[in-house]
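Here is what Swiss-Prot says about this protein:
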DOMAIN    1-115  domain 'MTTase N-terminal'
BINDING   10, 46, 78  [4Fe-4S] cluster 1 binding site
DOMAIN    166-398  domain 'Radical SAM core'
BINDING   180, 184, 187  [4Fe-4S] cluster 2 binding site
DOMAIN    401-469  domain 'TRAM'
């Protein structure tokens, strides 16, 4: 069969989509670049907040409305797990939903390994009629054989299994764990991802070797709680540091390893030292902090000790003076007073983060935060978001301007010409994670997927400009 996978949401979903791609290609199916002409279309869904769920439904509805005769449509992943009944109700032309815990069975679903009673010809229960006995899946998984293995090791757990990598482009995400042991008041993820499970070091190294052999220049480590890696494997407090040492023996010194989603309270002195010492490690950390006022943080069920957070940030900057630090904050959280918001603005000014993702609080049914009193009005959220972004824009502009006169190592991701016909490349420096950060533009020629040196002579709020040297 020909299949096409559409991935919505975070990089962790990208990794799971690669896993499904690997399973299907190993079983003889063929990937195609468009839903047109595909026998099976798989959408790896997102359920992070309501806006993400609405986007998921919209994508599925459009695909359903344009289904070719005989074409099958599968919703996989987070929203299939958390709101499978909603998907089946709003997208009745869905042929199956496959939860986060079952994506390894995608081969059996596509092959139609289910008994024929009350099924379509595709081998899955019809979506109409009475509600399914398994509300998060439209497939009777008891009738579908469990995945028994993959190219890198025995299948043990849906979150910890190594996957065959489908290399697309010079960068690749590598998920080292899934699930989360934290219970932040605003977050639904543990309710459908479960507690954290770390992938075995050997499995991670196997994936990394495959990516290196495929020519990937940048490996981006992702997890729900990156810095807690290995705790469930008995690695205590420095599991991530131990893993990085092992990865450094696999990834050449001239390539990049990037860390995303590092929880601040789990950053140890040993980890800081390891990051500063290993040449592969980008001096970059994405460290979601969410707020800066102790009272707000307590309501969020986050560590309220902002002094400790400052000490951790300072230790990272002392070890790596060129560190690029990204974080995220939520404004308009229930009960956020003007004084609490002012504390956040002061924190931005004091800490001088390179990049900030600012989010307006989104009420999620079923969360502790959703039941809190003093929900903040939408107009107040919008005003505070604009105010905070204005403060951070000035900071980001100044942080970026420091690089004028420097020569940056840039991973080239595209080439073209400007309005005058001059050759130009676009890529990212160590300061820039894919999609969420800035870009580097350089006049001259270079190969896509390789590193180039660009002498910086101009900056904007978030981007760098220069000449290839």
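For all residues, glycine too, the Cβ spot is worked out from N, Cα and C.
On the structure: features taken from Swiss-Prot.
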residue: 10; record: [4Fe-4S] cluster 1 binding site; Cβ neighbours (10 Å): 18
residue: 46; record: [4Fe-4S] cluster 1 binding site; Cβ neighbours (10 Å): 20
residue: 78; record: [4Fe-4S] cluster 1 binding site; Cβ neighbours (10 Å): 27
residue: 180; record: [4Fe-4S] cluster 2 binding site; Cβ neighbours (10 Å): 20
residue: 184; record: [4Fe-4S] cluster 2 binding site; Cβ neighbours (10 Å): 18
residue: 187; record: [4Fe-4S] cluster 2 binding site; Cβ neighbours (10 Å): 21
Cα distance (Å, whole number) from residue 78 ([4Fe-4S] cluster 1 binding site) to residue 184 ([4Fe-4S] cluster 2 binding site): 18
Per DSSP, three-state class assigned to residue 187 ([4Fe-4S] cluster 2 binding site): coil
Collapsed DSSP category at residue 78 ([4Fe-4S] cluster 1 binding site): helix
[4Fe-4S] cluster 2 site shell beyond 180, 184, 187, criterion: Cβ within 8 Å of Cβ centroid: 182, 183, 186, 188, 189, 190, 224
8 Å Cβ shell about 10, 46, 78 centroid, [4Fe-4S] cluster 1 site members excluded: 8, 9, 12, 13, 44, 45, 47, 48, 52, 77, 79
Predicted model, mean pLDDT over the domain 'MTTase N-terminal' (1-115): 89
Number of helical, extended and coil residues in the domain 'TRAM' (401-469), per DSSP: 1 helix, 35 strand, 33 coil
Between residue 78 ([4Fe-4S] cluster 1 binding site) and residue 187 ([4Fe-4S] cluster 2 binding site), the C-alpha gap once rounded to whole angstrom: 13
